Amino acid sequence: GWQGSMKSGSLSYILSCNRLPVQLMSQVRVYTSNGQKKDLGSEDTNGSTPEETLHKVGTGRQDTTNAGQKQSFLKEPIQVKVKAVLKKREYGPKYTQNNFITGVRAINEFCLKSSDLDQLRKIKRRSPHDDTETFTVYLRSDVEAKSLEVWGSPEALARERKRRKEAEIKYRENLFRNQRLLWEYKEFFGNTKPRSSAAAMFFKGPGKVVMVAICINGLNFFFKLLAWVYTGSASMFSEAIHSLADTCNQALLALGISQSARTPDPSHPYGFTNMRYIASLISGVGIFMMGAGLSWYHGIIGLLHPHPIESLLWAYCILAGSLVSEGATLLVAINEIRRSARAKGLSFYQYVVQSRDPSTNVVLLEDAAAVLSVAVAATCMGLTSLTGNPYYDSVGSLGVGTLLGTVSAFLIYTNTEALLGRSIQPEQLQRLTELLESDPVVRAIHDVKATDMGMSKVRFKAEVDFDGRVVTRSYLEKQDIEQLLQEIQQVKTLEELEAFMLKHGENIIDTLGAEVDRLEKDLKQRNPDVRHVDLEIL
């Protein structure tokens with residue numbers, strides 16, 4: 001066993017032992033966060049202190065045999081230095097006294113007016129928005145005190161909140177009656193973001209392809225329907241149904257394109273770009289149900305109940321015209337996809353398989369299937385006219401249905417994958433991670449996720465381990481070092497030390513936030529596809 005008397009100033013700590021003597025001192029000084037110190041008292045060896053109790057238990061019967069050794073060791077106690085620490089401050093489960101709140105939230109949540117906020121302290125903070133560097137916030141405690149001053153009591157404030165909530169619900173129910181008021185509000189305050197013109201979207205890019213396809217397929221459906229009524233051909237009926245399905249689906253695509261241009265709102269903060277994939281998915285289901293299903297049905301009926309076919313001359317003429325029109329639409333879609341794929345640095349095949357532009361993909365596949373189905377229908381009708389056997393015509397209807405089913409299955413698969421949120425290409429993800437890791441402020445990145453949100457929009461998320469030394473040096477480079485040294489030399493008490501550390505600690509945290517904003521901005525500038533960046537600090 002061993003025993004020592006540990007002492008720092010007026011602080012001693014005693015351990016009992018059966019061989020070594022002991023020095024009993026129990027004066028303890030405790031420092032609090034406000035710099036006060038408390039003496040817990042001093043007692044001699046005759047008092048009933050914890051040190052004496054430990055001493056009695058540890059020494060016991062050996063006191064009489066080791067009396068001589070005690071005298072020698074009392075002269076040389078063991079000296080140990082102990083750090084003085086601040087008393088831990090308890091904040092409780094909910095602490096909002098130091099929270100900041102924006103003016104809009106203060107007005108909405110605490111039922112205040114803008115004139116009420118003029119009397120409060122205004123604090124400039126770093127803005128979370130890209131278009132502004134700083135913005136004004138208020139202390140939540142000041143806003144709460146002001147709301148109680150205005151409304152008199154928490155109960156009155158709660159009643160006002162309830163009243164405004166009911167008024168908001170009533171307003172939403174009568175939204176169509178207030179369209180004029182909303183229009184005047186937008187005219188007075190102006191739109192914060194420019195909105196895309198829905199009409200202009202249909203004169204270029206995918207919108208132009210879809211509108212051309214709607215017009216051509218609508219005409220094809222009308223003439224094919226007349227040919228089927230005149231000839232009674234099952235293959236011609238399948239072609240008419242195919243053109244009708246294409247027209248309806250492409251109208252659905254046009255609706256998806258117009259909806260995807262809507263401005264993001266609080267209910268949909270990431271916008272409506274996925275509406276194109278949703279419209280394409282519904283289009284694929286429509287092709288399968290309406291196009292393939294009816295073609296198979298009519299082909300099976302023709303096999304079970306064959307009937308002679310009238311003159312096919314008009315049918316051949318309409319099929320030839322349909323082949324030319326569908327081919328023209330197919331060329332428009334191919335040229336649009338080539339142009340878009342070249343701009344993205346992808347091959348034609350990669351662009352189609354990855355469903356980068358779902359609307360153009362649907363037009364491409366539908367028109368490709370239309371050209372092939374015209375060839376199948378013409379071949380089967382020709383065999384029927386040569387042999388007089390109507391079964392060839394029914395087989396042609398089944399072939400067209402199978403072709404439409406294959407196209408619809410591909411569309412359903414690719415658009416479902418896009419809606420599920422697939423990852424971006426490994427090469428692009430590697431470029432993003434290398435850009436982050438090459439920055440001196442970053443030590444390592446973990447849990448990297450980059451999701452393709454559709455229509456060339458990527459959301460990037462990563463856990464970042466920042467180098468605190470580099471961040472602190474970045475803060476110090478913007479400070480007057482000599483003035484900072486003078487502040488350090490003027491620190492004499494615990495209160496001054498705490499105030500110094502809190503001041504510069506908050507500034508260093510703000511510097512870390514600025515570094516995060518800088519990294520996010522660099523990622524977006526060097527990779528235009530990255531629209532949303534979430535960097536979480538480890």
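Here the Cβ of each residue, glycine as well, is placed from N, Cα and C on the backbone.
Among the features that TrEMBL reports, compositional bias 'Polar residues' is placed at 61-70.
What TrEMBL records for 210-420 is domain 'Cation efflux protein transmembrane'.
Among the features that TrEMBL reports, region 'Disordered' is placed at 35-70.
Residues or ranges marked as transmembrane segment by TrEMBL: 209-230 (among others). Same-chain neighbours of the transmembrane segment (209-230): 202, 236-237, 239-240, 243-244, 246-247, 250-251, 253-254, 257, 310, 314-315, 318, 321-322, 325-326, 328-329, 332-333, 336, 359-360, 363, 366-367, 370, counting only residues six or more beyond its ends whose CB sits under 8 Å from a CB of the stretch.
If you look up TrEMBL, you'll see 277-301 (among others) marked as transmembrane segment. The list of residues near the transmembrane segment (277-301) in space but at least 6 beyond its ends in sequence, with Cβ under 8 angstroms from a Cβ of it, reads 234, 237-238, 241-242, 244-246, 248-250, 252-253, 255-257, 259, 355, 358-359, 361-362, 366, 394-398, 400-402, 404-405, 407-412, 415-416, 418-419, 454.
Feature annotation from TrEMBL assigns transmembrane segment to 313-334 (among others).
Taking Cβ pairs closer than 8 Å, the transmembrane segment (368-388) reaches residues 217, 220, 233, 235-236, 238-239, 242-243, 246, 308-309, 312, 315-316, 319, 322-323, 326-327, 330, 395-397, 399-400, 403-404, 406-407 in its own chain, all 6 or more past its ends. Annotated transmembrane segment per TrEMBL: 368-388 (among others), in sequence order.
For 394-413 (among others), the entry in TrEMBL reads transmembrane segment.
Within the same chain, residues 208-209, 212-213, 216-217, 219-220, 223-224, 226-227, 230-231, 233, 236, 239, 243, 360, 363-364, 367-368, 370-371, 374-375, 377-378, 381 sit at least 6 positions outside the transmembrane segment (313-334) and bring their C-beta atoms closer than 8 Å to a C-beta of that stretch.
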